[in-house]
Amino acid sequence: MSRQWLFSTNHKDIGTLYFIFGAWAGMVGTSLSILIRAELGHPGAFIGDDQIYNVIVTAHAFIMIFFMVMPIMIGGFGNWLVPLMLGAPDMAFPRMNNMSFWMLPPSLTLLISSSMVENGAGTGWTVYPPLSSGIAHAGASVDLAIFSLHLAGISSILGAVNFITTVINMRAPGITLDRMPLFVWSVVITAVLLLLSLPVLAGAITMLLTDRNLNTSFFDPAGGGEPNLYQHLFWFFGHPEVYILILPGFGMISHIITQESGKKETFGNLGMIYAMLAIGLLGFIVWAHHMFTVGMDVDTRAYFTSATMIIAVPTGIKIFSWLATMHGTQLTYSPAMLWAFGFVFLFTVGGLTGVVLANSSIDIVLHDTYYVVAHFHYVLSMGAVFAIMAGFIHWYPLLTGLTMNPNWLKLQFAMMFVGVNLTFFPQHFLGLAGMPRRYSDFPDSYLAWNIVSSLGSTISLFAILYFLFIIWESMITQRTPAFPMQLSSSIEWYHTLPPAEHTYAELPLLTNNF
């Protein structure tokens with residue numbers, strides 16, 4: 001047991017560990033979100049003061065981003081599928097792969113500890129000084145959160161190096177870069193973004209650590225520092241990070257739509273690759289659109305507004321290519337396809353509110369209101385999460401060799417779809433009416449939509465529990481699939497379900513008939 005799970009060098013076992021860890025962290029993060037909506041479901045205090053509320057909000061963000069979405073998408077799906085899709089026997093650095101995973105549980109432990117000592121880190125996930133300085137947040141909480149981020153960051157950097165090396169060196173003969181599956185492309189682009197952005201975050205939080213403990217003043221004006229420098233460094237990481245969260249989802253959705261539509265390949269395959277490359281590149285030159293309210297020159301604001309809007313172009317290319325892939329087919333309303341439909345529609349809605357927020361003059365008004373919360377939850381809670389659900393259902397027979405009950409899955413999709421939309425759509429109205437983020441209480445005029453939002457979160461919770469029940473049911477009944485339902489979009493299906501522990505003992509050769 002310990003050889004298989006603690007010291008594993010097998011990409012499938014490590015991928016499974018990532019899935020289990022991500023699911024567990026996801027349940028913690030979901031519980032925190034339920035606490036947030038319970039607090040906001042009625043006026044007046046419920047859980048406590050704003051410090052504990054902001055600790056919950058901060059932990060919710062960190063856990064969902066660093067311990068749920070990234071481990072599942074990059075660690076889980078990436079580890080499982082990239083070697084299988086490349087025809088590689090394993091990852092390039094199998095032991096480093098294991099270390100990448102085992103840095104996450106200590107990291108999560110540090111983060112949870114940070115909320116249990118002193119007053120907790122109630123800084124928001126951005127950890128801006130001076131709120132995160134040694135004066136406003138005395139005690140060890142923020143320091144523990146910083147160490148947690150360092151560990152998670154090292155884990156991601158090592159994983160990124162591993163994926164990049166694997167994709168460069170371990171492709172089977174015949175898999176040229178232009179014929180590499182879109183999911184593999186999405187993971188390698190994500191890995192490059194991680195490699196370039198995380199060191200900047202590490203620098204920023206290390207400077208914050210020394211400001212708090214070693215009497216430096218990088219971000220303290222009293223010592224000649226500049227609090228704004230932190231924001232620039234943080235968002236230079238923070239904006240690529242949001243593309244890191246969604247790009248593997250793009251790759252998965254491309255595979256699912258192509259395969260379920262019965263098409264030979266995705267519409268505009270090469271264009272899809274260039275679109276992802278463009279999104280990755282542009283993601284690095286738009287960071288200050290998170291900072292329109294800090295007082296930038298009008299020409300700077302004009303540049304960041306324009307550059308941000310340009311990102312909508314490659315994103316639009318991807319949306320329309322997905323629609324073109326579905327075009328002309330007899331649509332199958334299979335569970336995975338339903339999630340993919342939901343992804344395309346809701347991600348588009350989230351993208352449109354993003355284009356609204358890109359306008360610096362409008363953003364001055366909407367900054368730090370619930371409009372922003374609604375925007376990024378549409379692209380995360382209904383983009384990244386829907387992609388994870390679609391991918392998990394689609395590749396579940398490959399991962400486990402079992403099938404889930406498709407009718408139950410459709411019901412579960414309907415519950416989740418209603419739940420998340422009921423939760424986040426009203427938040428657009430709250431934001432337009434001026435309700436600010438990160439406050440535990442609000443004027444009574446905002447009550448009605450907050451009640452609707454909290455009701456939606458309860459429905460989402462039951463949908464998640466139902467999904468766990470569906471997985472449990474499939475595992476105790478042990479229904480095995482006879483064969484994959486459609487022509488496969490990639491070579492990972494040319495194995496037993498589930499694949500043998502070691503695949504591609506003899507390297508495959510891909511011919512033009514592929």
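Yeah, the Cβs are placed from backbone N, Cα and C, and that goes for glycine too.
Predicted, not measured: the structure shown is a model, and the values here were computed from it.
Over in Swiss-Prot, the protein carries these features:
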TRANSMEM  16-36  transmembrane segment
BINDING   E39, G44  Ca(2+) binding site
TRANSMEM  55-75  transmembrane segment
BINDING   H60, H377  Fe(II)-heme a binding site
TRANSMEM  101-121  transmembrane segment
TRANSMEM  144-164  transmembrane segment
TRANSMEM  182-202  transmembrane segment
TRANSMEM  233-253  transmembrane segment
BINDING   H239, H289, H290  Cu cation binding site
BINDING   Y243  O2 binding site
TRANSMEM  267-287  transmembrane segment
TRANSMEM  304-324  transmembrane segment
TRANSMEM  337-357  transmembrane segment
BINDING   H367, D368  Mg(2+) binding site
BINDING   H375  heme a3 binding site
TRANSMEM  379-399  transmembrane segment
TRANSMEM  413-433  transmembrane segment
TRANSMEM  451-471  transmembrane segment
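What Swiss-Prot annotates, mapped onto the structure for a quick look.
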residue	record	Cβ contacts under 8 Å, 6 or more apart
E39	Ca(2+) binding site	A45, F46, I47, Y53, I56, S440
G44	Ca(2+) binding site	D441
H239	Cu cation binding site	G283, F284, V286, W287, H289, H290
Y243	O2 binding site	T190, L193, I279, G280, G283
H367	Mg(2+) binding site	F292, T293
D368	Mg(2+) binding site	T293, P436, R437, R438
H375	heme a3 binding site	G350, T353, G354, V356, L357
H377	Fe(II)-heme a binding site	G350, V420, T423, F424, Q427
Problem set entry | DSSP-derived structure type at H289 (Cu cation binding site), helix or strand or else coil | helix
Problem set entry | Close approaches to the transmembrane segment (101-121) from elsewhere in its chain (Cβ under 8 angstroms; 6 or more beyond its ends) | 14, 17-18, 21, 25, 51-52, 55, 58-59, 62-63, 66-67, 71, 75, 127, 132, 137-145, 147-149, 151-152, 154-155, 158
Exercise. So, do the transmembrane segment (233-253) and the transmembrane segment (413-433) meet, by the test of 3 or more Cβ pairs under 8 Å (sequence gap 6 or more)?
Worked result: no
For this session: Spell out yes or no: are there three or more C-beta pairs under 8 angstroms between the transmembrane segment (413-433) and the transmembrane segment (182-202), with each pair 6 or more apart in sequence?
Result: no
Problem set entry | Non-site residues, in chain order, whose CB comes within 8 A of the mean position of the CB atoms of H239, H289, H290 at Cu cation | W235, G238, V286, W287, A288, M291, F304, T308
Exercise. When you scan the chain for residues with a C-beta under 8 Å from the transmembrane segment (16-36), skipping those not six or more beyond its ends, what do you find?
Worked result: 5, 8, 47, 53, 56-57, 59-60, 63-64, 67-69, 71-72, 75-76, 79-80, 101, 104-105, 108, 399, 457-458, 461, 464
For this session: Note down the number of other Cβ atoms within 10 Å of the Cβ of H290 (Cu cation binding site), including every protein chain shown.
Result: 22
Seminar exercise, completed: Around the Cβ of H289 (Cu cation binding site), other Cβ atoms found within 10 Å total 22
Exercise. Taking the Cβ of H60 (Fe(II)-heme a binding site) as reference, which residues of that chain separated by at least 6 in sequence fall under 8 Å from it?
Worked result: G29, L32, S33, I36
